[in-house]
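> The structure under discussion is supplied below as structure tokens; questions concerning it will follow.
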Amino acid sequence: MAFPELLDRVGGRGRFQLLQAVALVTPILWVTTQNMLENFSAAVPHHRCWVPLLDNSTSQASIPGDFGRDVLLAVSIPPGPDQRPHQCLRFRQPQWQLIESNTTATNWSDADTEPCEDGWVYDHSTFRSTIVTTWDLVCDSQALRPMAQSIFLAGILVGAAVCGHASDRFGRRRVLTWSYLLVSVSGTIAALMPTFPLYCLFRFLVASAVAGVMMNTASLLMEWTSAQAGPLMMTLNALGFSFGQVLTGSVAYGVRSWRMLQLAVSAPFFLFFVYSWWLPESARWLITVGRLDQSLRELQRVAAVNRRKAEADTLTVEVLRSAMQEEPNGNQAGARLGTLLHTPGLRLRTFISMLCWFAFGFTFYGLALDLQALGSNIFLLQALIGIVDLPVKMGSLLLLSRLGRRLCQASSLVLPGLCILANILVPREMGILRSSLAVLGLGSLGAAFTCVTIFSSELFPTVIRMTAVGLGQVAARGGAMLGPLVRLLGVYGSWLPLLVYGVVPVLSGLAALLLPETKNLPLPDTIQDIQKQSVKKVTHDIAGGSVLKSARL
């Protein structure tokens, strides 16, 4: 008796699975708030140099005459590229000649300026404080802001490697429980840190634990659910991220101080840590590591919740031992990473699949973590992205079955790329249009994630499928780390980051057209199955009078 049959006995889609889904998907909403947090905690408010005439009461008292604030600002700070007060320069001495009505640009362009030696004055009308205002991450230090975001995303990459190994060794539920605790503790400490490096360190720890939460949530949902209900559970898990974006915008709207916001999104994980001790360990994992007595107890617990106690009474350690013998060995074919890179039928599939994964992570996190560049009301924009993501994820499943994998993958990358490129041409004054294009683009990237997850699983044989998918996820996280850093190109032109964010998904989407279609094809189990599919494709195309170059891919 294999494990799926054991699960059917105790109930693979019953009351327990419903309760487990609620318990596991609820933290996913708050995981999303951690991922998107720095849209708000690292927001850059309007700012200018501190100047004595405006910000020092003694200097103000010595001003001859009665001048308004705008006049004092004009004689203290030169205009910036957008004709607003310059954010990083001030006049060394007040330029009183600028008050004259016949003043031209020459009157101030030759005046001596200097950096903001005495600090900055920030606009607190939207945020009481952010990490930018706390540690002055502007002007010469502006690169530190996207660096903090990249450090967080690097933590997810490291955490995925560490937690993946730990969950295979120590169990899914145990690693999940301690991941909840690490998020809550590290997130709370990050909110109290007095220096920027320490803040980044604890945000890195939060991210590594976030990876553990995401990975082990998916594992427990799948390993305690029947094959028929598995896609539903994965859909609920994906929708948790969508609702989480709405939650992020709502919480940030109500909490405008970055320290309090960091605390607000970290505190719920203490509750998740407490109730996670109730969750059962994966019986499938317990069987594979030979812990049959504990596996039997967990199966009986699930059966009791699903009201199948009579069926559970028929389970014994001997039955579980036979199930352990029937579990497939993941190393049966000796397939390795080199197989993906050196096998002609798999090499190009691997590279293009990784390119699609990279394009998603690079573009999504590059844009989703800088909503200020896409619209004026970032609270509403964050919520709208989550709302649009809901039907997009559901609709992408329908389109995959109708249009096929290859076309859906290509269009779900090309469309957001075109939306991003179009935003270059839209003036900042047209905020509604810019926000609409941004929401459409980021929503389409949600479809791209759904497509690449399914498509990459079908492109590779069973013996090396998880290696290929894991390689793709590494590419996505690598892209996510690089994405925020592209914003540093903005010093050479505000349009340049958007150009890069737009070109990468367009080129990746076009490359996806070189992949073979996998719609309605049986999943390949061996490398020989891939080669047979290629031969059939070539034969079919020759019979039809055309030979596609992608047939060997």
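Every residue gets a Cβ built from N, Cα and C, even glycine.
Take a look at what Swiss-Prot says about it:
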TRANSMEM  16-36  transmembrane segment
CARBOHYD  ASN56  N-linked glycosylation site
CARBOHYD  ASN102  N-linked glycosylation site
CARBOHYD  ASN107  N-linked glycosylation site
TRANSMEM  146-166  transmembrane segment
TRANSMEM  182-202  transmembrane segment
TRANSMEM  204-224  transmembrane segment
TRANSMEM  232-252  transmembrane segment
TRANSMEM  260-280  transmembrane segment
TRANSMEM  351-371  transmembrane segment
TRANSMEM  378-398  transmembrane segment
TRANSMEM  407-427  transmembrane segment
TRANSMEM  435-455  transmembrane segment
TRANSMEM  466-486  transmembrane segment
TRANSMEM  495-515  transmembrane segment
MOD_RES   SER534  phosphoserine
> May I ask you to check whether the transmembrane segment (260-280) and the transmembrane segment (351-371) make contact, with contact taken as at least three Cβ pairs under 8 Å and only pairs 6 or more apart in sequence counted?
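Not in contact, no.
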> Cβ distance under 8 Å to ASN56 (N-linked glycosylation site), same chain, sequence separation 6 or more: which residues?
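Non-local contacts for ASN56 (N-linked glycosylation site): none found.
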> Cβ under 8 Å, sequence separation of at least 6 from the ends of the transmembrane segment (351-371): give me the contacting residues as numbers and ranges.
36, 38-39, 146, 149, 153, 378, 381-382, 385, 409, 413, 416-417, 420, 438, 441-442, 445, 448-449, 452, 455-456, 459, 468, 471-473, 475-480, 482-484, 486-487, 497, 501, 504-505, 507-509, 511-512, 514-515, 553
> Apart from its near flanks, which chain residues at least 6 from the ends of the transmembrane segment (466-486) lie with a Cβ under 8 angstroms of it?
146-147, 149-150, 153-154, 156-157, 160, 330, 335-337, 340, 346, 350, 353-367, 369-370, 452-453, 456-457, 459-460, 497, 500-501
> If I count Cβ-Cβ pairs under 8 A between the transmembrane segment (232-252) and each of 146-166, 378-398, 495-515, which range comes out on top?
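Highest pair count goes to 378-398.
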> What parts of the chain pack near the transmembrane segment (495-515), using Cβ distances under 8 Å and only residues at least 6 beyond its ends?
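Answer is 348-349, 352-353, 355-356, 358-360, 362-363, 366-367, 373, 405-407, 409-414, 416-421, 423-424, 445, 448, 455, 459, 483, 486-487, 489, 549-550, 553.
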